[in-house]
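First up is the structure itself, then whatever we jot down about it.
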């Protein structure tokens, strides 16, 4: 039994509970923990605790099988809490409205609540310190605070920040899941009446969600195969013999095969982009997506090259087309650069790779850390480049550091610990500067990398949980569609319920899922 001494002068627990009147009352369950306590302690004589002097000075509180002997003066300090209301109870019915059970013989109050959370709350009532438990979900602890009548404002600032963060995450997940479940329920209810919406839905699942079924997996495999073929053809097109034929204006069978292969790949990518644009509800938002912008930058150079080649052929056949050919030759350099953008097709793998999606999300979230890393690098580069130039300028035998701008390259390579060896300090002062730049580069680059690593881990966990929720939602949708297919028209009416009903039905499961994610 835990004995908690009271605090007569109220130095630690003089808190205001004016706002607790708005807290909702929680219904209690009767008799469960009283019987449990009897089973746990069958041979223990509890009546000896019910002495007359102890009953006037102490109260016994049994929470989850753990007993606390608390002075009444401690509970009087917080009269608006659930425990503080015990002092003002005048009859048995009022007591049973506050606790789960009550033993009159030994003046023991039973509460069927979490004992770990109550230990923290009891510490707050006696010492005035309220903190979250690491082993307990923050949202579950919030429910315990509401039950016992404790305000969240009394939490320590770090714990309050953690609780607010979990509340925001749970609210976002609840809203997102509610909207998704309602939209899917509505689509299932009216799929027979709207054939076009059913086709658009299946098309969206096929091109956007590889885990939606066999068509989505086949589509993703074909897309990945074409990306790999494009990367291989780009590498082959840069071979010396192919480049020589292209410079001479000749076209061998190998060059022709590469062109045909590239044409087939671009045709597939164009077809895929067209399908994605058709199923998109908001066309403007679709075009602003980074991956779609990459698709446009990778596809357009091929068509621009075809148009320019056709124009150069027409101009060369005309008598006065020499000036046009010169202009096209100038444009040829730009076209070669545009054709090199075909390597951007590799970024399309991010549609099907959780790791690449995590990398992109980490880069977007860590822009400040990357800017800080770049700032550290620039400051160190501006510091060590003049020093190594001044240290090596006295060496007249072989001076590799001809100016401060040329020393910038050496400083960057040294601080990143790459060390190509093209520029090496020869003098002892220059070597001391080089050693300092290497050590400072290791230390300066390690500071932001730690934060970036934690962001990457958190982003990966979030995307993985989101993927698992999507898979569970698809399983739920499949089960609902199976029930609707075999249940008749009465279940179709149930599936087409209004949005409020759909969200209320799914809310408890979403709350439990949000708590598990904590």
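Including glycine, each Cβ sits where the backbone N, Cα and C put it.
As stated in Swiss-Prot, the feature motif 'Selectivity filter' covers range 417-422 out of the listed 399-404, 405-410, 411-416, 417-422. Here Swiss-Prot gives transmembrane segment for one range in the set 186-206, 291-311: that range is 291-311.
Within the model, the topological domain 'Extracellular' (425-431) carries an average pLDDT of 87. Look at the topological domain 'Extracellular' (425-431): DSSP puts its residues at 4 helix, 0 strand, 3 coil. Outside the intramembrane segment (405-416), and at least 6 residues removed from its termini, the chain residues within Cβ reach (under 8 Å) are 377, 380-381, 384-386, 388-389, 423, 434, 437-438, 440-441, 444-445.
Sequence-distant contacts of the topological domain 'Cytoplasmic' (280-290) (same chain, at least 6 residues past either end, Cβ-Cβ under 8 Å): 296, 360. Taking H, G and I as helix, E and B as strand and the rest as coil, DSSP gives the topological domain 'Cytoplasmic' (353-367) the counts 13 helix, 0 strand, 2 coil.
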